[in-house]
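**Student:** One structure, pasted below without further comment.
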Amino acid sequence: MSERKVINVSTKEAQRQNEIINILAQHISGKGLQYCISTFGCQMNARDSEKIEGMLEQIGYTKTENEEEADFIIYNTCCVRENAELKIYGRLGALKGRRKKNPNFMIALCGCMMQQDIVLDTLKKKFNFIDIIFGTYNIYKLPELLQTRLETKQNVIDIWDSYQDIVEDLPDSRKYDFKACVNIMYGCNNFCTYCIVPYVRGRERSRKPEDIVTEIKALVSEGVKEIMLLGQNVNSYGKTLDEPISFAELLKQINAIEGLKRIRFMTSHPKDLSDELIEVMASCDKICPSVHLPFQSGSTKLLKKMNRHYTKESYLELVRKIKAAIPRVELTTDIIVGFPGETEEDFLDTMEVVEKVHYASAFTFIYSKRTGTPAATMEDQVPEDVTKERFNRLLALVNKQSAATLHKYVGQTVEVLFEEVSKQDDNVLSGRTDTGLLVNTPAPKEYVGKFVKVHIVDNKTHYLIGELAR
Ligand code: SAH
Ligand code: SF4
Ligand code: F3S
């Protein structure tokens, strides 16, 4: 019964927004109005931005990368660390007064930061010129919010406390035509004590496997060869569905899709990475031998305080099992330095994990206090200078290991999916191996979106340098 209701409500909602899109299009198409969207934070936000772009383009806005010439500026915000928020306030300050020059000018803010009361208060007090503010649960309502703003000429704020339905079937604009991100679940139930995400993205909810498979089949029929499955903790996918299914099962179904070449996913929480998943990864040809496996800290004491539900030893054992089952696998990770109570000994545990695992790359973060999370009120916050010094030591080790991992590839021939022209050099294409490594190679632009054999001739700290194999 409940399943039926969800389908009906979300379909009706999508229809309603699509109707509003058509009405708005009559007013906006042909006026030459341009939008510019800036996306902060993780892949979740990047994917949400593609949906926002799809709706705006259907309404009749065209995209520009140049904020100066845009009539509609959208910031899709992140609040995972304080500096992500400070960036937004800085950018907003610079936009004040733009409407005087352009009567069509509008600003919209959305994303994770908007889900915090403290942010809304600041915006109301200091930045009362924002036209539309919405959150993470009602992105699909943008057409309606835009309509309300245009009709009432009042600023619109619409923030929900939790999600209602997963609304499918709205316009969508994808950044690449050969690779795509696909949400398999939203939200997070883990409440790691430092992390704001569960508060701004809500409880975990999985999309139905048939909706995911249908979406991927449609993407493949349009030319997509590589997909990235997105979730804050993909390993707990499907547990709360009316008909529960494991992530490994879902992967098997996706692996069977004809024409698809590569399957990636992120993020894997170590506590939920099952033996079944390792087996499926080892046996399914399309699943890339690469795992993003954040460990955050090597100290079992801190992992407990972080509410991560694994120990240094169990993490290392998990890594051992993955490497044994998938010999070519490359691992990447996230690490936090300076979590409350971190001693030199705790930090050395973190260094030890990095030494032992040999990551292809690691995202290293200085702990950032997030109001409302349990860690924010923990005693023993680590002084900034101590954290900085540890961070630098960690970064040096991580970089040394990245370079060493990449160096192993020199002399090998690998298959690369070229993604784009390098930002540094017009004659060079950037792409990735199935193991997730970045490769820069002089190659013609027509190779973008193609799988090509590349001979690796050199490496830098963060990428490989190749030549087209003959
Ligand atoms: N769901 C993913 C991570 C999402 S947030 C997971 O559990 O692995 C991405 C990364 O940001 C986290 O892995 C963590 O390393 C970092 N992060 C989250 N909150 C943080 C904070 N308050 N300070 C510093 N880094 C943080
Ligand atoms: Fe944050 Fe933890 Fe959820 Fe990842 S698993 S989003 S770090 S609470
Ligand atoms: Fe940031 Fe939200 Fe992602 S807080 S990291 S954009 S889920």
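Glycine too: its Cβ is placed from the backbone N, Cα and C atoms.
Curation plays no part in TrEMBL annotations; they are all automatic predictions.
The [4Fe-4S] cluster 1 binding site annotation in TrEMBL covers Cys42, Cys78, Cys112. The annotation [4Fe-4S] cluster 2 binding site is assigned in TrEMBL to Cys188, Cys192, Cys195. Per TrEMBL, the feature domain 'MTTase N-terminal' maps to 33-151. For 174-404, the entry in TrEMBL reads domain 'Radical SAM core'. Residues or ranges marked as domain 'TRAM' in TrEMBL: 407-470.
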**Student:** Do any of the binding-site residues Cys42, Cys78, Cys112, Cys192, Cys195 touch ligand 3, in the sense that the CB is under 6 Å from one of its atoms?
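**Tutor:** Listed by sequence, the hits are Cys42, Cys78, Cys112.
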**Student:** Which whole-number value in Å describes the distance between the Cα atoms of Cys78 ([4Fe-4S] cluster 1 binding site) and Cys195 ([4Fe-4S] cluster 2 binding site)?
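**Tutor:** The separation of the Cα atoms works out to 12 Å.
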**Student:** Report the binding-site residues (Cys112, Cys188, Cys192, Cys195) that meet this criterion: Cβ distance to the nearest atom of ligand 2 under 6 Å. Use sequence order and write none if nothing qualifies.
**Tutor:** Cys188, Cys192, Cys195
**Student:** I'd like to know which of the binding-site residues Cys42, Cys192 has the most other Cβ atoms within 10 Å of its Cβ.
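**Tutor:** Result for the most crowded candidate: Cys192.
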**Student:** Measure from the Cβ of Cys78 ([4Fe-4S] cluster 1 binding site) and count the other Cβ atoms within 10 Å, all protein chains considered.
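**Tutor:** Excluding its own Cβ, the number within 10 Å is 23.
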**Student:** Per 10 Å Cβ neighbour count, which of the binding-site residues Cys112, Cys188, Cys195 ranks highest?
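**Tutor:** Buried the deepest by this measure is Cys112.
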**Student:** In this predicted model, what is the average pLDDT of the domain 'Radical SAM core' (174-404)?
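**Tutor:** Taking every residue in the domain 'Radical SAM core' (174-404) and averaging pLDDT yields 97.
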**Student:** Within 8 Å of the Cβ centre of Cys42, Cys78, Cys112, which other residues of the chain have their Cβ, at the recorded [4Fe-4S] cluster 1 site?
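**Tutor:** Leaving out the recorded residues gives Phe40, Gly41, Met44, Asn45, Thr77, Cys79, Val80, Ala84, Gly111, Met113, Val197, Val200.
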**Student:** Roughly how many Å separate the Cα of Cys112 ([4Fe-4S] cluster 1 binding site) from that of Cys195 ([4Fe-4S] cluster 2 binding site), to the nearest whole number?
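**Tutor:** Approximately 12 Å lies between the Cα of Cys112 ([4Fe-4S] cluster 1 binding site) and that of Cys195 ([4Fe-4S] cluster 2 binding site).
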**Student:** Between Cys42 ([4Fe-4S] cluster 1 binding site) and Cys195 ([4Fe-4S] cluster 2 binding site), what C-alpha distance do you get in Å?
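**Tutor:** Cys42 ([4Fe-4S] cluster 1 binding site) and Cys195 ([4Fe-4S] cluster 2 binding site) have their Cα atoms 14 Å apart.
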**Student:** What other residues of the same chain, not counting Cys188, Cys192, Cys195, have a CB atom within 8 A of the CB centroid of the [4Fe-4S] cluster 2 site?
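**Tutor:** For the [4Fe-4S] cluster 2 site, the extra neighbours are Asn190, Phe191, Tyr194, Ile196, Val197, Pro198, Gln232.
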